[in-house]
Amino acid sequence: MIKAIIGKIIGTRNDRWIKQYKKQVLAINALEPAYEKMSDDELQNAFEELKKRVRSTEKDLQEKTLLEVLPESFAITREASKRILKMRHFDVQLIGGMVLNDGKIAEMKTGEGKTLVATLAVALNALKGESVYVVTVNDYLAHRDSKEMEPLYQFLGYSVGTITASVRDDDERLEIYSKDIVYGTNNEFGFDYLRDNMKYSLEHKVQKSHAFAIVDEVDSILIDEARTPLIISGPVDRRMENYNKADEVAKSMQVETDFTIDEKNRAILITEEGIKKAENLFGVDNLYKIENAALSHHLDQALKANYLFFIDKDYIVANNEVVIVDEFTGRLSEGRRFSEGLHQALEAKEGVSIKEESQTLADITFQNYFRMFSKLSGMTGTAQTEATEFLEIYNLEVVSIPTNLAIKRKDLNDLIYKSEKEKFDAVILKIKELHDKGQPVLVGTASIEKSETLHALLKKERIPHTVLNAKQHTKEAEIIKDAGLKGAVTIATNMAGRGVDIKLTDEIKELGGLYIIGTERHESRRIDNQLRGRSGRQGDPGTSQFYLSLEDNLLRIFGSDRIKGVMEKLGLKDGEHIESKLVTRAVENAQKKVENLHFESRKHLLEYDDVANEQRKSVYKFRDELLDVNYDISAKIAENREYALNQIFSKLKAFDHQNLSEEELLGLKNVLKEDFNAHVSLEDLKKATPIEKFVAEKLKSDYENKMKVLDSEQRSRIERIVYLQILDNAWREHLYTMDNLKTGINLRGYNQKDPLVEYKKESYNLFLEFIEDIKMEAIKTFSKIQFENEQDSSDAERYLDNFSEEREHESVTYRHEETLDEDLNVAMKAFSKTPKRNEPCPCQSGKKYKDCCAKSGPKKGLFAK
């Protein structure tokens, strides 16, 4: 209350920002007459001068220079837009452009021209000469926006590219990323970053820098999708568990008797009776013994799949596959899979083919990907409700931009009914009334299931209508465009065609504009506001109203008993409703509870990913160093050799390596032969003084002698690629270990320990082990490289060429848990640890390892072991 009073007296923080930006608008407008008089060539030359000025400035001072040239850049961009696109930026759009340039979020209502606003900040920041990324939620919007704005950018001397899922060729992607301005989806940008850090050549990396990104529909990408990490994964070399058996057990269990459901936290809690029943059905004595860990995990996932996840709400079944429905957008998330075996549990539940589990090869959250950018900004129609999260997680302020024309839409109070049936009956009556009048109506539902229910009711009443949900997603833009036609009735899940305007004729405006009916409050107020925002664009008339019932999930799970109490006291008859500010406030409080739960969940995910992110950055930085032809790889190998020998000698008699027993010397001799391919006699070891120096010089001379056959460039290239393979293999195994650690870490809470603290501690120790493993594995592998003195280096070149070609053109499935081809797994295992004695020999002789290279030493050839 006090804050509101102070805001009215001295103005809010937002008001003060807008006031400052308006001063800049005056400066930009003052330049307009001069630029209007210029010819096209003169205008283009003026912009080229700005480029020269910015690019001639020291990198650290370029941001300051951008602010200095902002008025000229914005004025030229606006004049160019008038000539090329026949659109002039309004003053409020200039403010939006300045907000974006300042690295903030511009909250602009539907129809205010966010696509055009972005051109101001994009054109300004591209002056620096680094690619600017414009991020959208889907391929359709990325392609549409880039094509619409490309003529303007070309006039200003910029090149434009669009990254979509259909661009499969690596060279084509590389060419697109070389453009000044790149449009694309958040998934494509994120996956390209991960793929870049699996490349074996710096030249083949597509993302050269992360200077500036504008995220369109920023709330959808940075909030709604923040809980789903981007993952590139490969098949697990482990036996598949019986998901069908776990599904049978789960289906035989009874709610309340065998388990309870915590709907607020979406969790299943198994009772003692349930544990006994499961043990009996699985045929085990103790479900929670270490050897039954997989069974208990699969049962947990099967219970979730059967009792917390519902078809046509959380997922659909299409083409013998379980496809996720995004809970926030209502769109199908094709290719994305639930992790930790939940997706396989859903496949077992629905009786479709079960796909194997996968192992993470590379992953990152959207939070940590977008936080890499030197400057990040965003646009959306709904951001204020999540302003705290944007500031806390991304350090992004939200600025509400005034509309160009006043909003005329009427937002009516919610109507609350006792039952869902009564609510839908009332909705049908209202739709019929509006349809008969000719006023278009857009009906929002929270799930596919509810939209299908409404569809059946309208069909029964013979009211013509169109349904837009994840099952009809291919027609999304077309359906939404037609939602403003006379008499149109459109049922939509919360996907509701973001980014597509519903334009109205004068006749429709006379009828009252687009009427919005919400059939249920979403868990997030922001999603409700998005639905309202479909109506009343650019000063158009419109109306919005929500119809609720006590049986709606939000009110049933999170709602206050006060609402039910009010309904009972009033003694409402069937079909009657209440309309009260008290009830509306209670609904909003319930939404705030859920929003806070989701915020904590996203923050929790980020806290864990921040730990992995530091490790990821360290590994990727080292990877880039290895890819650099100027990197001194020989020094790194020498360092590893010294480390490996220190490890070996530390296990012998402490500080007394000169008085080793014959048994210890024999053990040292065998280790040197098996691990380092160094043939040293027992007599030489006995005579060596000091022994550490003798062994070190022996290993070094052996290695240098066999590498003489290669010229320096070829040697460096081979050493770097082999080291990269070792690093990638070790990183893959480290990620698998980290996944396992994260899965079970919450159990530490039962032991009065903070799971996050324990995770940080153990992940740090695991990372130290990972570094040690790389050093040991690297020196062992390099010690086994063999050449014949008389052979030339053609084998080496042939290997390098073949490896590069295989590695760079590996087929990849583009999805949230991407899967690499089996061939890549074979290639990446080329330099794995020494095989077990009964495994096939890696030299491909067809013999067992114990009967081949283990006995006779490495075969002659490039990388024989």
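Even glycines carry a Cβ here, placed using N, Cα and C.
Cβ neighbour count for GLY111 (ATP binding site): 21 (other Cβ atoms within 10 Å of its Cβ, all protein chains included). Taken from Swiss-Prot, the feature ATP binding site covers GLN93, GLY111, GLU112, GLY113, LYS114, THR115, ASP501, and the record attributes it to sequence analysis.
Taken from Swiss-Prot, the feature Zn(2+) binding site applies to CYS841, CYS843, CYS852, CYS853.
Summary: among the binding-site residues (GLU112, ASP501), the fewest other C-beta atoms within 10 A of the C-beta are counted at ASP501.
The C-beta environment of GLY113 (ATP binding site), restricted to residues of the same chain at least 6 apart in sequence and closer than 8 Å, consists of MET87, HIS89, PHE90, GLN93. In this structure, the binding-site residues under consideration are GLN93, THR115, and the one with the smallest number of other Cβ atoms within 10 Å of its Cβ is THR115. For LYS114 (ATP binding site), other Cβ atoms within 10 Å of its Cβ number 24. Residues MET108, THR110, LEU116, VAL117 surround the recorded ATP site, their Cβ atoms falling within 8 Å of the Cβ centroid of GLN93, GLY111, GLU112, GLY113, LYS114, THR115, ASP501, which are themselves excluded.
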